[in-house]
Every structure is written in structure tokens, then in C-alpha cells.
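Heads up: the structure comes next, in C-alpha cells.
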């Protein structure tokens, strides 16, 4: 055990850095808003982060020694202070004092101080569920993460300052100093307090102190419009669902924490614009299934914005008490606020016995997914289940989530009997076609993106996929999206422009550079970085202010390897290769598990004529991040250039194993296999087509079969014709005449 003076000095330095002026505004709110204040007490928001003491700590710090999957810890208490003896990842153990609790249910985490003003989450979490549900125990939250992984407890993925603080305290400023690699983080109050959602309340308090005659009805001088009473719903004769309400800012205020997004600036309680402070993650295959169901954590709002309910004006407080964070009503009464009971709360609708689990609205429309091992979260895309389409696309369906003994085909058959006219989701089919890189998907994607009848989040997701389909119709859809001024559509259009060549990309982005806000101009500049050298001198001068805005945005992100790597890209585009190399190397030093830094450094070294240095960088990267598929792929290509064929095949095979859905990795591996074994190459590409559904893999398999006169050629061409038609197949056969 190492417990020297230096460790305690670092701890005290960190505590001094975190001293913040407590917010008195939150205390004053209760004078007029007693009911809301009492509802907020003991809520998840109020308990988002608290000082560690006997009232807040739920875990058993009783001196027990934990040893789970090779990670040992001792957790104990001395009077009203809590401690953890932990490995620091470098073979040393140290005692850390627990300073704060983090969350409350269904799990509670704990924060300790590390040098440089950092707060880190310890690797063990307390399962706060009742013991009969498997709770009241310690568990290792990320058992698969070793010292080189981003989510190892001492690494950036578990750093409070960079990753967590913005949502667990009020009025947070990160205060990162890249020169010292230290934080001077500040906040106004622990937990999610009144001003975290309502914004600065000083004007409201001045208004409240006026006499009643001086107060203007309907203008309480609040910084943000969050009100949305259910009484605003309007019913129409003959309709089973209410409609026509006025929107508010509420969803985007909740989204600052309840969404998966990247923060690019500190958030002020006085002025709030979600889209200037954050970049909301779009619907990607890594985060969502093809039909929009949640796959990885998205923290609710991304899913909700896909829904028809959000499009029609539903907001969070229609279902949730905003101060207690509890549901407003039990189910199904909650849903019957807006949906007629006779039409929906009926066996004729759900085909299950009344009162059963299958009759619950959420069971079918909001299925659960478990994250962080114990936290069940409901999908908020509120979809109409379609087992027929789910069976076709390979996406989950709620029927087999409950009826685990049954198959998707059984669910599809039942669905056809109950709802014979159930229409498939159009965007689900488009997402699936784009995932499989179907060549015919481009025009339907462009058409969907322009259709205002679809939710904006769906249109933005479709727009971003147009990068793979550069063409006239895609360009037209991108231009129209930029003209809407809708932030999500503009952002997606900027992303879609990355698929176009330099001249066309410039034309598409010029309106944003001329009239977009600062963050949109920064995004446009980032899209133009890869083609900066191809721009004219005048265009480069025109781009300069946007590049400065991008630099300001990236400066906020220099506490992470991704931010440093992007800064390297920026200075490289400006022609400063030495500075770019320095940024990439600093990113690698700071966050060794971030694979993109190695890729960009290797590309720079290769561009400077040093293949040997590039190969060494990629070798280093694979040692640091053995799970990196893109590193394995790039390493394989570098080994091919170095004439190390056998080692190259091994690396390319690793890339396929790490990212089996990547058509590119499978394509390159198949071509690399051909000189060694055409039959193995053919089989590999065939397997790739089965897994990814990408026709180009089947095309390449047929090409190899024809070129090498394999007996499988005839069958391959038959299936290829089914996928892409007769004309391209005939052209392929003409190049490689073989009867098979």
C-alpha cells in the first residue's frame, strides 16, 4: 500500500480546486414554490451528486475485501468518512477517500480525487435494488476494461470533470488547462437544482418581489419556457388520439442531460441554446437498430425525438413529474390522458387478457433494455411493434422479449393474424438499405429527407446517410435542409456534404459559412478540413473565420484524445505538420486507448514518406488498443506495403473478427486472400455478404470465382443477378468468360 505525503497533498489540491460558491437561488425558490420544492427533495435530481456521509452513502463500507474478476479492493469506514483501497492500474495500491456519492438508484457510484483536480469514479458500484431482486451488493461495473481501456477507473472514460459533471451538478464550468493537464472545475450547486432546468432566476425573483399589480400576466421572467399542461391537448371528433398543441423548450432542456451528445462549450444558466453547447448524436447503427429501436445507451431523448409523439408536441412533463421525476399516473391511466380508453385499453387492441403484463402499453411500445448491469431503461421511440418487419430486418420485437420460447417467425405469424393491414416503417427499410450500401437507396433517402411529414430526427438520420450517395438528388436534399434553419437538419446536411468532392462540397457549405451560427460554421469548417488543400486561395481565406471558430470549439475538448486529434487535423490542414504530429502524439500519451490518434499520426508519417514510422505507430497502437478494428485494418494494409503478407493477412483477419459488420474490412480481407487461396477468398466474401447484406461483397466473390475459374461461379452469378440485375452481371461475365 502506498500512502505518502504527496498523495494527500494532491488530494487537498484537488479539493481546493473544486471549492465553489454555493447557489442560494435554489434555497430561495422554496419560499414561493413549496410544493415543487418538497417534490424535488429526495428525487433522483436532488441526489444526483452529494457529499459522502452517513445520510447519502448506501453502500456497505464495512471493511470487506472485494475480489471480482481479478480486481481487488477494500472498502471501509472511519467515523463519518469512507475509504477505498484500490489498484491504480500500475501495480500500486492506494487509499482514496470517498468524497461524493453519484446517483442513488438502482445503483450508486462513488467519486475520489486524483492529482490534477480530477475526480474519478471508483470501479465498484453499489447495487441499490432490494436483495430479493439481486441487489444490496457490490459489483464491478466494467469487468472487461483493463488499464489500457478508456473506461478503466483511472482513465478519461470515468473522469467526472470531462464526462459526468455537467449533468450531476448545476452551473458547471470545466476549467481545463491543457498546458498543465489539470482541471479547475467549478459549480454552483451539487445535484440538479432549480436553475439547472429553469435557468438563471434573478429576473424572476425581481419580478416576484413586485406588487401583484406590477406583475404582467403570462410573463414571469423565467429564462426558459418549460410549461406544458395536459389541458393544452385538443380532441377532435372521430379521432382516438388528441392533437394540436403548442411546443415549448422543454425537451431540449431535458436533453442537456437525457441525451447522448458531445459537449462543445460550457452551459450558462443565464443563456441556454442546446444546439450551441452540444452536438446531439444521430441515429447510427452503433446506437440504434435499423428500425430506430435503442441498441446502445442514448439516454432517452434521441429515441423520443424519433417518435410521432414528439413530432405532435408531446413533452417530458406530460408523463413525468418534473420535480419528483416520478410518473404522473400509473399505467394505463398515464397513456389514457391522450388516447381513448375504448380504442386502446382493450383486448381488441392489445390481444392480451385485461390487467396482464401483455396488456400494459409499455410492454409493447416501450420495451426495456438493461444498462450498467442493473439499470432497466425503456425505449422512448414509442414505436408500433411490427414483428413481420423485425423478422425481415433482424431487429428485436417485443413479442419474443416476453415469449422467449418462441421465434421471430412465430411473432410475425401472430402479427399478421391480429393486424393484417399493419404497414412497415418506411425509414426502417431505408436505414437497412443504407446499412447494406444498396446502390438504389440514394434517391429514396434524398426524397425522405425532404418530406416534412416525417419527424425531424428521422430526416436528420436519413440526411447524414446521403454522404454515401453523392449525386444531384442528394445535393438538392442537402441544400433544402440547410435552408430550413432547423439545427438538426443543418447539422446532418453538413455531415452529408462530406461525401462530395472538394468543389461540390464547397458549394454546398458556402451558405452555412456565410450565414450559419458559430457552431454551424465550425462544423462546416471541420467537414472541409480533409479537402482544404484542394480549395482555392480565396476559398481558404474565406474559410479562415470558420476555422478560428472550430479552433475555439476544439479548445474546449482538449482534455480528451479525440479533441487533441481533431486539433491535429486542424493544424495539419493549415500546413503545420510538426504541430500536427505533436498534437497526435500528445493525444496518444494522454489517452492511449483512443485508436484514431494512431491512425492520423500514421497517415501523416506516411504522407511525409516514412512508411517505417507509420508501421511502427500502428504496431504501437495495436498493443495499446488490441480491440481496435480500424487499427488492425490499417496495420494490415501497412504490412502489405512492407511486403509482410502473412502478418498482413493475420491483421486483416483480426479486423474482420473485431468488426464483423464492416463491409470494407471484409472486402479488403477477401482481396488479400485471393493470391494465397482463391477458394478461401471466395468463401470469405460470400460470408461477408450473408453477414452484412452488401451486394458489392457478393459481386467481388463472383469476380474472384470467374477470374480463378471456380466451380461456384454459376451459382454465385445467379444470386448476384437477384441482387443487382442482369446488366452489370452480363458486363462482369464479359470481362471473365467462363461457363462454370
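From the backbone N, Cα and C atoms, a Cβ is placed for every residue, glycine too.
The feature domain 'Cytochrome c-552/4' is assigned by TrEMBL to 29-54, 160-199. The repeat 'TPR' annotation in TrEMBL covers 561-594. Annotated signal peptide per TrEMBL: 1-25, in sequence order.
Per-class residue totals from DSSP over the domain 'Cytochrome c-552/4' (29-54), listed helix then strand then coil: 8 helix, 3 strand, 15 coil. Taken residue by residue, the domain 'Cytochrome c-552/4' (160-199) breaks down under DSSP into 14 helix, 10 strand, 16 coil. When DSSP labels each residue, the repeat 'TPR' (561-594) comes out as 27 helix, 0 strand, 7 coil, counted as helix, strand and coil in that order.
Across the domain 'Cytochrome c-552/4' (29-54), the model assigns an average pLDDT of 95.
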